[in-house]
Structures are given as C-alpha cells and as structure tokens.
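See below for the structure under consideration.
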Amino acid sequence: MESTTAFSAVTSALGTLDVHIMAPYLWMLVLGFVIAFVLAFSVGANDVANSFGTAVGSGVVTLRQACILASIFETVGSVLLGAKVSETIRKGLIDVTMYNSTQELLMAGSISAMFGSAVWQLAASFMKLPISGTHCIVGATIGFSLVAKGQQGVKWIELLRIVLSWFISPLLSGIMSALLFLFVRMFILRKADPVPNGLRALPVFYACTIGINLFSIMFTGAPLLGFDKVPLWGIILISVGCAVLCALIVWFVVCPRMKRKIECEFKSSPSESPLMDKKNQELRCPILKPDPEDLKLPVDGGIVAEVKVPILDMVSVSRTEERTVTFKMGECDDPIEKEKLNSMETNIDQPTNGSVQLPNGNHVQFSQAVSNQMNSSGQYQYHTVHKDSGLYKDLLHKLHLAKMGDCMGDSGDKPLRRNNSYTSYTMAICGMPLDSLRNRDTEARPDEAEKSTVHGADGKKRIRMDSYTSYCNAVADTHMDVEAEEQEEGSVEDVETDRKSSSSSLEERHDQDKPEVSLLFQFLQILTACFGSFAHGGNDVSNAIGPLVALYLVYETGDVTTKAATPIWLLLYGGIGICIGLWVWGRRVIQTMGKDLTPITPSSGFSIELASALTVVIASNVGLPISTTHCKVGSVVSVGWLRSKKAVDWRLFRNIFLAWFVTVPISGLISAGIMALFKYAILKV
C-alpha cells in the first residue's frame, strides 16, 4: 500500500505524462533523476572551482564566503541561462532521429551518459584534479551512442573540436592573462607608489569587467530573459553603455572613497608593529614611522633583552627620526650560561653609524651594526625580529635591491644550511657575519651543526637562544677549512638547494601585492568571480541536466525530436545539486586551483579571471572550441610563471593535463559499459 502511494506521488510530481506509451519505463525516469543529482553533485565538487578558486587562493574571500556566493550565483545562473545550453547537450552531439522507434534506447543512453560522467568527475575531484564537465558528458554521450547505433550516430566533428580545445583553451587564455598581468605589473605593481596609477586604472578595469561579462551573458540568448530576441548590435550597445556608466560611477564615487581609505589605513601607518619606537634625533628614515614608546616583550622563564638599532635609509630627508627595535631573546638551556647572560648588559643605547658591505660592492646601511655579537664567554647571541614589523619590511626591500643572492660569503666560505628564508635578514640587522661559519676540527653534518650547542677547537660555543624558529635564526659558528668542505659534497648540495630556495622565497615575497594594491583589486576579483559563477551556472548545469531533460521529455511526449522547452524546475534541480556538491567536496579542487598550482595575489587573480572570461567570449564568437576549465588552468599557470618561474607546480600541471587527455575515453568507456548492460541484459533490443 505504501509503495503504491509513493509511486502515485512520484507520478503526480512529474506532471501529466503519456502513460499509455512510456509507462513501463517509469523506473528509468526515477533512476535518471537520482543519477542526475549525483552528476550535479560531481559538477559542483569539481567545476565550481573555476569561478572562486583563484579568489580563495588570493585570500580575497574565505572558503565559506566563496561557497555562499557561488551557491547564489550558480543557482540563479542555472535557472536563467541553463535552458539554452541544454538544447546543445540534448541534440548537438548525436543524431536523435535514429531513436524514433526505440525511445527506450535513448532513455537508457541518457542514464548511461550521466553515470559515466558522474563517476569520472567524482574520481577527479577525489584526486583534486580540475577537469572539464562538458568534455565528460560529451565523451559519455559518444560512448553510449557507439554501443546503441554504432558510428553512424556520432558527430565526430565534436570530438575533433574537443581535442583541439585541449591546446587552444589554455594557450590562448594563458597568453591573454599574461599580457594583462604584465600591463598591471608594469604600470601599477612596480611603481614606487602604485596607488595613483591604480586609481586611474580602476574605472577601466570595472568597465571591462562589466562589459565583457554582460556581453557574455546576453549573447547566450537565454529565452527566459528574452535575450534571444535582442539583435547583436543591441547586445553590444547595452554592454558598452553599462560599461561606460559603471566607469563614471567608479571614477566619481568609488575612487575618492578608496583614496581616502588608503590614506587613512596605510599612508599614515605603514606596516608597523609594537616593536618599533621613536626618539626625536636627526636621522635619515623616510620610510618608517615612529611609535609612541619602547615595548618590552617578556619571554616566560627566559631573558628579555632590549637592543635598540636605529635605521638609516639611503635618502636624506629634512624631518627625521630615530627608530629602534626591541629584540626578544629566548631562554638558554644551559643553567650556567643562563646565569651569565642574566648579568650581561644587553641594552645598546649609543649608535655607531655603520653598514654591511656585500660581496658585490653594494651597501646595506644602518646606524647601528652590532659588531660585538660575541660576548666575552665566546657566545654568539640570537635575536628575533618580528616579521610583521616595519623594520623587517624595510630591510627586506633593501636586501632585495642589494641582491641577496650575493650575501653568502666568498668562494672560500661555506654557508650553513638555513632553517628558513628569514635568516639572512636577521643576520644583516644584527651585524653578524654574512658568511656562515663552521668548526675547523669537526666533520659534523649541517644538521648536526645546527644543534643547540656546539663545542669548537678554540673553546667557543654556539647557543641557540631563539625560541621562535618560525621567524628567523641568525646563524654563526667557527670557520671551516677548504679540505673539510671537499669531503662533504652532500652538504654542499644541500646548501646550494637551500640557497636557491631562499632566493626563490625572497623573489616570491617581493612580488606580493602591497596592502593598498590588494585593496584596489579585492572587490574587482570578487566581481569577476561572481560573474564567472553566474555564467558557469548557466553553462555547466546543462552538463548535469541536459541528459535528464532528454530523458524527461522523451518520457513525457514519446517523441525524441520534441521541441518542448526545458522546464525551469529541472534547471533548479540541477542547480541545487551543484551547490550541495560545492559545499561537501568543492574545497579539494578549489585548493588545487587557488593554492597548490601556484600562489595567487589579488592582482594576479583579477588578471586570470578577466582574461579567461574575455577568451571564452572571443573564442565562442569566432567558433573556436573552448573549455572554461582549461582556460582557467592555462591562465593560472601562465601568470604564476610570470610572477616567479619556480612558483608553478609543473608536476601537478602535468597530472591535470593527463586527466584532460583521458577524460573523454574514460567517461566514454564507463558509459558504453552501462549502455551494453541496458541493451543486452535489461531491454534486450
């Protein structure tokens, strides 16, 4: 009785159906709805990363915020734009007229296509590989058609277009993204003060974003919005008009507010920390701004030492101030040495103007180069500089200009393996020797040399006094002769690898967006991501719902060539499935697109989003085969390579490309297997 009631409820929910012809196949319709939801789930878990992966990776939005925005725009886009694209998936890949007398075969084929596509997309999501949902459903559709009707029903030109898109999409989008990012970097990012040029470019960027995305949405010809009745010249006129209006609003309203906000938040307080303080003395320091007073930071059970290091800049200014920094010194493990250190005077008040000369002849100048780093007991002391302080950022800039790659000492000196990229910066601050020293009489490995205490032949000790190793360690030890170096070839390889890692890290940090630049591009990237999500919902919901639409309309009308419109509630059903997949499993591919493939900043993320959207619009109108997923991956890789040649994970990119290559055959084989089961075991036709 209960099963009969459930059957009646499902039948009534599906509407008025032609039960006289297709009633025996109602089970196929119900099964199709279940598999279609799983397919929509897999699309949400994989393809939605195209829209918000870069925004999450650049830190503009959190993963939770991205899921909320994507859920809204994906659902709205699927309802408003999805009907048009579903027609292509339903009729554009195979010749449906061959199924006029065997409608049940077409229904079974739709189920097989959805199953094959869903399985491969879920597998790719598990492996964190972004693939094209369109290519999945195309391969699956071709797979079931080969089993059902052989080669005669397949439109092979579509398969050729897919193969071409593997190369055209990432290459074309990558070139356009690279050109846009080069423009942004040349005229904004590399300027001493990027704000003026950034504000001037802001109206242009907003206008391009609005114009391109609006044209893309209107050109799809969504019948629900009436866009199918608007001529091409009307679409162009509306898009250009909205873009110009947006540019005027941004120039007269947004830019003045943005300028005031930047001046208030960044210009008046440039990246300082409570470690900095000022004294009104005559100095040259136009970059750093003073703080009210010294701040001592206690370390539990340890020693707090205050080392005041006034900083000099290379450019003289009329109004100058002395800047000092308080260095925290952690606890010494040796009780005897701790007692000695407690009695030491570590407050340095008298600056002695000095500088550190690099091997290439450049100077990094400070008003206090602490020369007496080794005390009377033969100990080197370790000082921690907070990485968020203005002092650290100023020093980072100076050392970059002085080519830190040359700071590792002369050819006869062997540098130690450094724990992280902050070591050299702290060494320069404290005036410690830039050529790392080692013990003459020991053949300890670099890892052993970095232990807390090392006894040398001359009785000197090296004590680690830094309890914050995540920031920086100033390393020093006794000299090591050349013969010992030749005996430790493995150590030399480790040092060379670490030196390259340090220079790569320095290059990456230098290429990070300044706070004011990030503020300029943040909302732009969110805007492009929302537009992309809206268009993605309209395009990729068809990958999940297209076969279901064919299945439903064949069951309802009994005609495989029906011209009935796609029901809105079917599109909404697919949109809900996409959103659930995003919330449950979308973070995996979002991490690949936004973080694992290459680091992304707001400026590079905006370049990726806008250029890939422009590529899709141009290629679609010209008739070139294109894939949104491939465009985004190509843009991410090209911009990441421009920012830092070592920042791209080429092994991951290789895996992604291999996944693209096997998408069509794997989804096709799975679909063909399910179709063979239907044809020969269940339907027996």
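Note that Cβ sites are derived from N, Cα and C of the backbone, with glycine treated the same way.
Remember, predicted model here, so these are calculated numbers, not experimental data.
Swiss-Prot lists 21-41 (among others) with the feature transmembrane segment. Non-local neighbours of the transmembrane segment (21-41) in the same chain are 10-11, 14, 103-104, 107-108, 110-111, 114-115, 117-118, 121-122, 541, 543-545, 547-548, 551-552, 554-556, 558, 573-578, 580-581, 584-585; each lies 6+ residues outside the stretch with a CB under 8 Å from one of its CB atoms.
Positions annotated as transmembrane segment by Swiss-Prot, on the basis of sequence analysis: 66-86 (among others).
What Swiss-Prot lists as transmembrane segment is 106-126 (among others), and the listing cites sequence analysis.
Residues of the same chain lying 6 or more positions beyond the ends of the transmembrane segment (162-182) and with a Cβ under 8 Å from any Cβ of it are 132, 135, 138-139, 603-604, 607-608, 610-612, 614-616, 619, 624-627, 630-635, 637-639, 642-643, 657, 660-661, 664. Annotated transmembrane segment per Swiss-Prot: 162-182 (among others), in sequence order.
Here Swiss-Prot flags 207-227 (among others) as transmembrane segment.
The transmembrane segment annotation in Swiss-Prot covers 234-254 (among others) and is backed by sequence analysis.
Look at Swiss-Prot and you will find 438-458 (among others) tagged as region 'Disordered'.
The region 'Disordered' annotation in Swiss-Prot covers 483-513 (among others).
Swiss-Prot lists 483-496 with the feature compositional bias 'Acidic residues'.
Summarising the annotation, Swiss-Prot assigns compositional bias 'Basic and acidic residues' to 497-513.
Annotation comment: Swiss-Prot describes 517-537 (among others) as transmembrane segment. Same-chain residues lying 6 or more positions outside the transmembrane segment (517-537) and placing a CB less than 8 Å from one of its CB atoms are 47-48, 50-52, 54-55, 58, 60-61, 66, 69-70, 73-78, 81-82, 188-189, 194-195, 198-199, 202, 205-206, 209, 213, 216-217, 220, 258, 261-262, 265-266, 575, 578, 601-603, 605-606, 609-610, 612-613, 628.
Look at Swiss-Prot and you will find 565-585 (among others) tagged as transmembrane segment, backed by sequence analysis.
For the transmembrane segment (606-626), same-chain residues at least 6 beyond its ends with a Cβ under 8 Å from one of its own Cβ atoms are 54-55, 161-162, 164-165, 168-169, 172-173, 176-177, 179-181, 184, 205, 208-209, 212-213, 215-216, 219, 521, 524-525, 528-529, 531-532, 535, 600, 632, 634-636, 639. As annotated by Swiss-Prot, transmembrane segment applies to 606-626 (among others).
Summarising the annotation, Swiss-Prot assigns transmembrane segment to 656-676 (among others) and lists sequence analysis as the type of evidence.
It is 565-585 that, among the stretches 106-126, 207-227, 234-254, 565-585, 656-676, forms the most Cβ pairs under 8 Å with the transmembrane segment (66-86).
Below 8 angstroms of C-beta separation, residues 202-204, 206-208, 210-212, 214-215, 218-219, 227 of the same chain, each at least six residues beyond the ends of the transmembrane segment (234-254), sit close to that stretch. Tertiary neighbourhood of the transmembrane segment (106-126): same-chain residues 25, 28-29, 31-32, 35-36, 38-39, 41-43, 45-47, 96, 99, 133, 136-137, 139-141, 143-145, 148, 543-544, 547-548, 550-551, 554-555, 560, 585, 588-589, 659, 663, 666-672, 674-675, 678-679, 682-683, selected by CB-CB distance under 8 Å and a gap of 6+ residues from either end.
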